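*Asks:* From TrEMBL, here are the annotated features:
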COMPBIAS  44-54  compositional bias 'Basic residues'
COMPBIAS  77-88  compositional bias 'Basic and acidic residues'
COMPBIAS  186-196  compositional bias 'Basic and acidic residues'
COMPBIAS  293-308  compositional bias 'Acidic residues'
COMPBIAS  309-343  compositional bias 'Basic and acidic residues'
DOMAIN    91-185  domain 'RRM'
DOMAIN    219-301  domain 'RRM'
REGION    1-88  region 'Disordered'
REGION    186-214  region 'Disordered'
REGION    293-343  region 'Disordered'
REGION    372-398  region 'Disordered'
Amino acid sequence: MATDSSSPPSSPEVKKDKSSSSKKRKTDLTEIEVDVNLPEPPSKKAKRLLKKGKSLPAKPKSDDEGSDTDDAPGASKSDKPKKEKKERSPYGIWIGNLRFTVTKQELKQWFVDNSGGAITLEDITRVHLPTAKPSAAPGAGPKKPTENRGFAYVDFATFDANVAAIALSETEWYRRKVLIKDAKSFEGRPEKKEEPAPVDLTNGAKTATASAAPASTSTKVFVGNLSFQVTEDDLREHFHKCGPIRWVKVATFEDTGKCKGYGWVNFETPDAAQWAVKGFVKVRETIDTVEDFMDVDEKEKEEEEGDKAEDAEKEAESKEGGEEKEEEEKPKKKAVPKEEPRVKTRKWWVNQLLGRTLKIELAEDDQTRYQKRFRGKGGAQRREQNGGGGEGGEGVAEVREKKVWVPMKDRKKEPKFHQDINVARLTGAAVAPTGKKTTFE
């Protein structure tokens, strides 16, 4: 009895925990019925807009709703009739040197007023006036009105109106003489120069493929705006992608030996010089694959494993061989040829060196410079002065033979005399002798 009275009573909290743990969560949930035909309830954003009194934005249609919305009138864009493009008139002109504030209406009215009744507003079927993009730089100030680009295309309905418009060329408008010509006439346009072939570096060669007709035969290039730290090796390494180089010359100071800021590069082909003048060269290079980064031993192991697998297959086939198998024998697999390396073309820029933009221009070849110096106008005068009569290099050779170096001690200096005694007094020069001798006591 003592033991029963001494035992503490059980707490009510523990009983609640046991009762709560014994209860299971109900899994039966009531199903919600949704009527698909009803309109979609507005979202929170739509409710906010409706509360402010604003209209709801148009809802984009999805692919799932296509079958439901096709029945509605104007639901699909395909039902709407497409606007047919009007065929342009074959008669048109190009007008240039326009003022940048000219509008389409002003241009139409100008043609009507200056054509003497040959052009009417109905004759002008199309006016295309390209406009320049406004500058969107921050802090540019108030936005300026859009301006045209100084030219326009105008189409006419008749040939007579087209001829009358072309006749107005060189007419002054807003202190500018406009230029008008046929829209299909491309006279005066410079011919597009053919780009030299890209340099092929796929096989390790650094030679450019020869083009059909190079734009210039000059192989010498002048390079300006060089840094004072540039050397001939730096210049050769910088331009070696353009093509093979004959020689490189950098103008240097006599005392320090540093670069003066300019130099010359002489290539072996004119195409290489053309690429250098462009500022970039198109290089064809092979795309690296995983095999290119593998060692030779790893490649050999893979090949050996492949050969062993093929030998095992052949032995298994030979064991199972028979007459029936010989008839049903499949043709042997052909050896898979090795894939050719993939090649890509990219630009290699040569217009900057050591953070400075280079000035690259074609220079005169040595032969052209020799012709100007010794066979041009100045060369003829030199030959006459030096006694060289021939047109070739004979006179130059004679002059070089006559020139003999004489030391300064043996050179005779003839004094310079002045006829005017006043000039001689002011300059301190000697006066020309007159043959009279004056003596002083």
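Cβ atoms are placed via backbone N, Cα and C, with glycine included.
Whatever TrEMBL says is automated annotation, not expert-curated.
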*Asks:* For the compositional bias 'Basic residues' (44-54), give the DSSP counts of helix residues, strand residues and coil residues.
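*Replies:* Per DSSP, the residues of the compositional bias 'Basic residues' (44-54) fall into 9 helix, 0 strand, 2 coil.
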*Asks:* Kindly report the helix/strand/coil residue split of the domain 'RRM' (219-301) according to DSSP, in that order.
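*Replies:* So the domain 'RRM' (219-301) is made up of 26 helix, 29 strand, 28 coil.
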*Asks:* Averaged across the domain 'RRM' (91-185), what pLDDT does the model get? Just tell me the whole number, please.
*Replies:* 89
*Asks:* Please work out the helix, strand and coil residue numbers for the domain 'RRM' (91-185) from the DSSP assignment.
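*Replies:* Split by secondary structure, the domain 'RRM' (91-185) comes out as 19 helix, 27 strand, 49 coil.
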